[in-house]
């Protein structure tokens with residue numbers, strides 16, 4: 001990878017719009033990044049977090065290469081699903097979505113995802129959406145249907161389909177669709193303002209010049225992005241399932257309003273499979289983050305699992321894969337522990353370790369600059385660990401070398417966010433509960449129960465050691 005004229009390494013990203021890898025060149029500083037966030041009708045599942053981890057990696061790599069970033073991630077707190085949930089439970093929309101929003105932020109922290117600069121909620125931008133709908137109506141791009149909903153006329157946007165590479169003139173279009181989500185076979189005019197239906201919507205609606213109702217999902221993102229980042233942004237990211245219709249419709253709305261390109265780069269992560277199959281509650285392979293935490297896996301292990309594959313490849317999520325990630329993190333933890341051992345004092349870094357470190361940093365940078373190739377970056381990391389361990393084994397290692405290697409690891413961890421520098425373990429709540437129960441059993445001299453609990457703790461990948469100061473929990 002070459003360096004750019006401003007001494008910043010060239011970064012290449014696969015642009016869904018062109019179906020090619022392109023040299024990243026932002027319009028201005030900071031980079032304007034918009035990512036599709038959660039629809040808070042339920043707890044986010046690991047498929048969602050595969051996308052959020054990819055978006056976090058993208059942001060971290062931009063920061064690593066010296067870009068400043070203004071990041072907006074939306075929260076969809078009104079759509080078909082959130083409305084249905086609130087009505088079913090006969091509560092307000094805010095009351096229904098609040099626990100899922102709170103859980104989302106807790107999950108983000110658990111997975112060490114860097115916070116966005118703003119998390120706009122759709123319900124906070126209704127007035128701006130109404131202004132946009134009025135303009136689209138006045139320009140003849142939108143119309144009011146017989147059901148009193150407002151629709152975007154896709155024939156009024158000649159380049160409709162350019163992101164998903166649909167040829168509009170070759171498709172059989174139905175008249176209109178009011179659902180937020182649909183597939184290409186149901187290509188149609190899409191809803192901007194969904195008219196109120198008492199039986200469907202209960203007590204939830206907003207007043208508007210077009211009648212009671214609520215905004216369409218696609219319009220929400222367009223307005224929040226343009227309000228917070230301006231009419232044209234640098235990168236819009238999400239999952240492949242967002243390409244059509246969501247991102248396609250965002251482009252149509254936004255560019256009809258601003259007459260400017262909405263986003264210069266479009267990045268999309270592939271689907272996550274569980275044991276080779278699509279995740280489904282009916283198949284029993286549907287997992288939220290808290291499901292996995294309750295089974296004894298840590299946030300770092302789950303992050304590593306979701307991080308390790310290239311974002312444009314499907315990720316097969318398995319328990320065996322999680323166990324392998326646990327071992328990879330143990331190898332990192334053991335390496336750091338070894339680096340923190342005492343070594344001979346030296347005022348300078350050994351030439352061999354300096355060359356090894358510089359070569360690794362270049363290989364790591366080249367990998368992530370090539371469309372976020374994290375698999376190659378991780379391979380270079382473990383090769384660096386192997387080479388460093390060999391020098392330690394040969395007693396060709398000093399205290400200065402140790403500090404140098406640790407500094408390199410801290411630098412690349414600004415990208416990875418998984419290297420366990422802290423010696424304190426992140427103990428899952430279920431393991432902590434079992435340790436507490438075992439301690440009670442020991443105090444009651446119920447040795448049989450204590451052994452049963454020890455085995456249960458071991459099944460989560462932890463070992464408990466009894467010391468004078470109390471139980472100590474370690475990973476295998």
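Placement of Cβ uses the backbone N, Cα and C atoms for every residue, glycine included.
Pulled from Swiss-Prot:
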- 36, 221, 246, 250: Zn(2+) binding site (BINDING)
- 38-48: motif ''HIGH' region' (MOTIF)
- 278-282: motif ''KMSKS' region' (MOTIF)
- 281: ATP binding site (BINDING)
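Applying DSSP to the motif ''KMSKS' region' (278-282) sorts its residues as follows: 0 helix, 1 strand, 4 coil. Taking the mean position of the Cβ atoms of 36, 221, 246, 250 as the Zn(2+) site, the remaining same-chain residues with a Cβ inside 8 Å of that point are 74, 217, 218, 220, 222, 236, 238, 242, 247, 249. Taking H, G and I as helix, E and B as strand and the rest as coil, DSSP gives the motif ''HIGH' region' (38-48) the counts 3 helix, 2 strand, 6 coil.
Neighbours of residue 36 (Zn(2+) binding site), defined as other CB atoms within 10 A of its CB across all chains, total 24.
In the three-state DSSP assignment, the secondary structure recorded for residue 246 (Zn(2+) binding site) is helix. Once Cβ contacts within 10 Å are tallied over all protein chains shown, the binding-site residues 246, 281 are led by 246.
Here the C-alpha separation of residue 36 (Zn(2+) binding site) and residue 281 (ATP binding site) works out to 23 Å.
Looking at the motif ''HIGH' region' (38-48) alone, the prediction's average pLDDT is 96. Sequence-distant neighbours of residue 221 (Zn(2+) binding site): residues of the same chain at least 6 apart with a C-beta under 8 Å from its C-beta are 34, 36, 74, 76, 246, 250. Other Cβ atoms within 10 Å of the Cβ of residue 250 (Zn(2+) binding site) number 28 in total over all chains.
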